[in-house]
Structure formats: C-alpha cells, structure tokens
Amino acid sequence: MVNTGVISGSGNLMDFLDEPFPDVGTYEDFHTIDWLREKSRDTDRHRKITSKSKESIWEFIKSLLDAWSGWAVMLLIGLLAGTLAGVIDLAVDWMTDLKEGICLSAFWYSHEQCCWTSNETTFEDRDKCPLWQKWSELLVNQSEGASAYILNYLMYILWALLFAFLAVSLVRVFAPYACGSGIPEIKTILSGFIIRGYLGKWTLLIKTVTLVLVVSSGLSLGKEGPLVHVACCCGNFFSSLFSKYSKNEGKRREVLSAAAAAGVSVAFGAPIGGVLFSLEEVSYYFPLKTLWRSFFAALVAAFTLRSINPFGNSRLVLFYVEYHTPWYMAELFPFILLGVFGGLWGTLFIRCNIAWCRRRKTTKLGKYPVLEVIAVTAITAIVAYPNPYTRRSTSELISELFNDCGALESSQLCDYINDPNMTRPVDDIPDRPAGVGVYTAIWQLALALIFKIIITIFTFGMKIPSGLFIPSMAVGAMAGRMVGIGVEQLAYHHHDWIIFRNWCRPGADCVTPGLYAMVGAAACLGGVTRMTVSLVVIMFELTGGLEYIVPLMAAAVTSKWVADAFGKEGIYEAHIHLNGYPFLDVKDEFTHRTLATDVMRPRRGEPPLSVLTQDSMTVEDVETLIKETDYNGFPVVVSRDSERLIGFAQRRELILAIKNARQRQEGIVSDSVMYFTEEPPELPANSPQPLKLRRVLNLSPFTVTDHTPMETVVDIFRKLGLRQCLVTRSGRLLGIITKKDVLRHMAQMANQDPESIMFN
C-alpha cells in the first residue's frame, strides 16, 4: 500500500532540491572538477538568461552585463597585473642598488635615478655622481683601497641576507603557497585540480612583496615565472566578484588561462608571446573565446606597464635591443651549436634540480627551509661580489650581453682596439681586434657561467618565490656572447677563409656578438622549459626584429630535439611529477595494450563496489556508507541483484542534500527511504516520509565497456576532463576507473612508483 497522503501533502517539500541549495556543485580541496558537468551547468545558466532577457528591459540589460562581464574581468586583470609588475620593477631596481650604496638627496632613488637628477654628472662618468655614495664613502669616508672594498663587500652580503631572511620568513608565516615559480601548480589547477588558497589574496600580497626581496637579494632566480602566479591570483580575485565565474570552476579556469597570458606579457613585454605561452605551455582547455580574451588581457597589462615606464626607456623590459647587421647562412652552424648547448644544459639542470628537490623532500634538509635559504644566499653573495658580471642583477647582465657595441659603449665587452683613421657613421662600426678588456671579460664570463650553472640548481625549488626564465637566459646569453666574440675574432683575423670570403670583407661589420647571446638565451630557456613557438615569439618581441626569427627558430628546435633525446619532460612537468599532482599531460603518449578491465576497481580479491540502490536504502544506510568510505561518489543501480546502472551521485552533494533535507523538510528521519526515481516507492502506511534525491543524480555518467582499450580511456580522460568513468557490460555495472587509477596505471606502465600520485 502506498502512503499517498504523505506524498501528495508534501509534494512541494519533497522536490525542494529543484531549488539549488548552498554549496551544491562546489568541490572539496585537493579534488578534481568535473568539466562536463561544469560545461552543462554553464549552458543551462546561459539558456535561462537568454529566455529571461525577452521578458523585460531590465532582464535584457542584465543579460548584456553578463555577456560583457568576461571583458570587464580581463580589463581589471590587465590593469592590476601591469601595475603590480611596474611596482615590482621599480622596487627591485632601488633595492638592488641599496646593497651597494644610497642616494643622499632622496634615499628612495636608485643609482641611475640619483645620477639623473644630479647637475654634476658628466657623460663619461655617468655612473659616478656626488649624490650617490657607496657604503664605504658614507660610513668611513673612503671610496678606494682594501678597507673600502671589504666594507662594501660586507654590506653587500648583509643586505642580501636581510632580504632573503625577510622573504623566507614572510612566506613561511603568512603564505606557504607563495614559494616556487607557481607554474607547475597553475598547470595542475588549469587541468581541473582544486588547491584552495593557492590563488588567494594572502598569496598575492606575500608573493608580490617577497618577489621584490628575493630578486633584490641577488639570488640566481627571476621574477618572470612568479609574475604568472601573481597574474593568476589577480584573475582568481576578480573572477570571485562575478557569479558567472565564482560559481563555475570550468569558467574560472578560462579566466586563469587569460591571466597567465597577462603575466607573461608584463614579464617580458611580449603580449603575443604571452598568449602563445598560455596556449602552448600552461592551459589545458583553451577555447577560441579564451584566445581573444587572453589577447585583450595581455594588451591591457602591457599598456599599463608601458604607462608606468619602470625602466625610464619607454620599453617594457630592461634588455630590449635592436640590431642593425643582417645575419649570414654560415652563422647557422654556431647558432645550431648553441641550440645543442641549450638542450644539454636543460637536461643537466632538470636532472640535477629534481634530484636535489627529491633529496630535500626525503631528508632532514626539508625541515630547515630558512636555514637553507640563508646558506644559499650567503654562498651566492660571497662568490658573486668579486665578479662584476655576477654582482649586478641578472636582468642587467642579460641587457649588457645582448647589447651591440656602439661608439658610446663603456662596457668591458666593448673594449676593442680602434683604427685611428676610421671615419664611419656611428652605427656602422667595423669588426675590430679585441682589446685587453674583452679578454678579461671573457674570463670573468666563463667563471660567471660555471657559477650560475651550479648555483641555479640549488636555488630553484627553495621556499621562496623563484623564477627560472632569467637564470636560464643568463646562462645561454653568457655562452652565446663568448661564442659570438670567438666567431667575430675568427672572421676578423681570417677573413680570407672560404666561409668568410663571400660576406666578411676587411672593414665590414659582419658579426654581432649580442645576437649570439640572444640565440643562446633562447636555446637554454627552450632546453629547460621545452617551449618552442611561444619562446621564439617572446624573443623576437624582446628584440623588435623579425629578421632574426630563423636563427631563433633553429636554436629553439635544436635545443628541444637534443633535450627530448634524454627525456621528454620539461622542468615544470618534472616538478608536477615530483609533487605527485594529478596532471594528465596532453603531450604524453600511451601505447600499451591494456584494457579497462585491467585497471578498473574492484580488482580480484577486493571487496565489491560500494553502490546505492534507486529506492531501497534509508538515510541511515547512506550516512553509514559515507562515513565508512572516502570515495568521491557512488554509482546508483536498480538493485544489488540486477546491478543495472541508473546514474552517479557525488559524495559531497549527498551529504549536503541530506543535511538540507533534515533542516528544511519535516518528517525526514534516519529511517526515511531515499529514492532517485521520479515516482516514490510503495511503502507501508506508517513508514516515515521518504526523501527524493533525483536532483543530485547524474543520469548520464560516462561509461565504457570492460573491453575498451586503455589508450582510448586515457584519451577520453584527457579530452573530456573526466573525474571518473564507470565500466559496464550489457548495462550491468562492473567497476569504476578514476583519474587517480589512470595516472597510477600510466606510472606503472612507465616503470615508476604508482604510489607517487599524491591525489589527496
């Protein structure tokens, strides 16, 4: 007999789930989102707004605001990311110079700004002005001699230690997620993983402040990678202001993809390179609409940074250069050699850095992050100060290495022996024999190169914000500049050789060493990150010259080929695997001939699959099942005998639904029967009121048969962003495959430890 009175009397109450209740559709920390479900929810929301817009003018205006909210978010991200990048650049410039001295007229001026404002500065002595005093001049009134040198040396080390200690302390106390470059985690988040707090307001604030401190301390790291994290924090903050993005994790990730593009745009002054970087390197799901919005966000960010003009040269980066000499076919050989060097350096760096980071994780070293940062900073400062090429900031070093030697250059690298009879325009200086300064500079660069290679391995991965773009570019630029000088001198002294005869006549300006530095920088950055297209575009946006695309492409492709010969993983993928993040890389190939039945759970000898039945379990039964297991969801079947699949219910939504029903619906007790069908089951007259939960049931869960090849299953998980997939045979439920199972199986097939996947 059916309890009709109860049912008809409370039909409205029992369907209360037709109204969405709080927190439904949200995910717990360290869980993966369901892309298909998020897409479907957004389509429903859009359909509802479109139908309502025809009802009144106000609804029509609301639909327009909804449509434009995406562009508004991009505008806000661009403005904030550009402003923060400008502030970081200005602060780094001042604090880097603070290690060497102070401006007497205004202590907040950097060395360059201080001497700009001075009326007593001459062009020849543009780096010296009475208003700027080194610490030895200020404290003991001496500028030359051993005591002055030692005092300046000590002050340099003390400032570096102070900056590094402040940075690591702030990260440790206020925002542990602010450490590292952030790109491996952002790649994982964009693939659908939830890491609460990683893109929060505290992380944004602390990362911005500590980024200034660590770059100023002189450690071998850059600000470019962390700027992507900073921009994504801005994206997360602004997307939380609009319900369209805050209530849909899939839509939020579209915003974060565009924010990553804005981050690279301000890091390198390369808006198009930023969009391509987001597409090639970071994003998992990148629809055409996101491409346009990324372009807009990158444009606004670059425009904002240009308005701030942090370097005073109307450029977006410190190392912008322009070359006037064309390159020749014979030079492709040294360019390709630099590509080989970049690939070898990338492989060496990845292997050594991952080995060191693994050691940090598995030994007592990881328990003393502050001590590690202080020790590495002290070693860096002590070794860096005596060499002028390691003492200065890495961006300034790259800028000098990229520079073409003009008539007004005072750098050691431009100390050539001039012909006194030379009468030529300033821009077209012929190749000349190297002077004493050039040979000194080569020795210093060789020592700096060895030091940079070693110290960067230990610096990247410490508990401070640390980017890898700038140190990698510095290694390549030093190697490239030395090769460039070598080719230039070879061409000058042996211009009658067959390879130089056609294009390098005596008195001609044939070889540009700065171009070799740029090609070397691109090769080393490509070797470490395995970027190709976006890397070439970023580099040519830096130089403003389309003419040099072919050398850059040759070096980038060669470095990728060489590095891929030793291992397919770039540094970010390697760190994702080291940390055990659940990231299914689109670039990985799965070629093993296993089937879904080999991977699904339960396996032989394991307890049967935990399932819900459509109309025979009580609230207490379901609560007990939830308490005793830690699964993210449960398949719903007709009955335990038939095992015919009906749908899938998420754990979190079951908990919320039962909690809300107890609060808002009278008569729901532990003995109430739960049903997922349209009509309630037949119940005795005195039974408590049943609870209808059809609303939380996914009626179209993704299923495969037990004989589906795992190659297809892996492809489905990648392309559809699934959390789990049910395995059936003739409609009967056999088991379940989760993303965790797929990752473990892939690790097992690659002879790796399957337990290294730290999903929770």
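These residue numbers are counts, starting from 1, taken along the chain as shown.
In case you wondered, yes, glycine gets a Cβ from its N, Cα and C as well.
Caution: TrEMBL annotation is automatic and unverified by curators.
Noted in TrEMBL for the protein shown:
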- 68-92: transmembrane segment (TRANSMEM)
- 153-175: transmembrane segment (TRANSMEM)
- 195-215: transmembrane segment (TRANSMEM)
- 227-243: transmembrane segment (TRANSMEM)
- 255-279: transmembrane segment (TRANSMEM)
- 332-356: transmembrane segment (TRANSMEM)
- 368-385: transmembrane segment (TRANSMEM)
- 441-461: transmembrane segment (TRANSMEM)
- 468-487: transmembrane segment (TRANSMEM)
- 515-540: transmembrane segment (TRANSMEM)
- 600-666: domain 'CBS' (DOMAIN)
- 697-755: domain 'CBS' (DOMAIN)
Subject >> Secondary structure content, the domain 'CBS' (600-666) (per DSSP, counts of residues) >> reply: 24 helix, 17 strand, 26 coil
Subject >> Same-chain residues near the transmembrane segment (515-540), Cβ under 8 Å, at least 6 residues beyond its ends >> reply: 264, 268, 270, 272-274, 276-277, 279-281, 321, 323, 325, 327, 334-335, 338-339, 341-347, 349-350, 398, 401-402, 468-469, 472-481, 483-484, 487, 546, 548-549, 551-553, 555-560, 562-564, 569-572
Subject >> Intrachain residues whose Cβ lies under 8 Å of the transmembrane segment (153-175), provided they are six or more past its termini >> reply: 95, 98-100, 135, 200, 202-203, 205-207, 209-210, 213-214, 216-219, 369-370, 373-374, 377-378, 380-382, 385, 391, 462-465
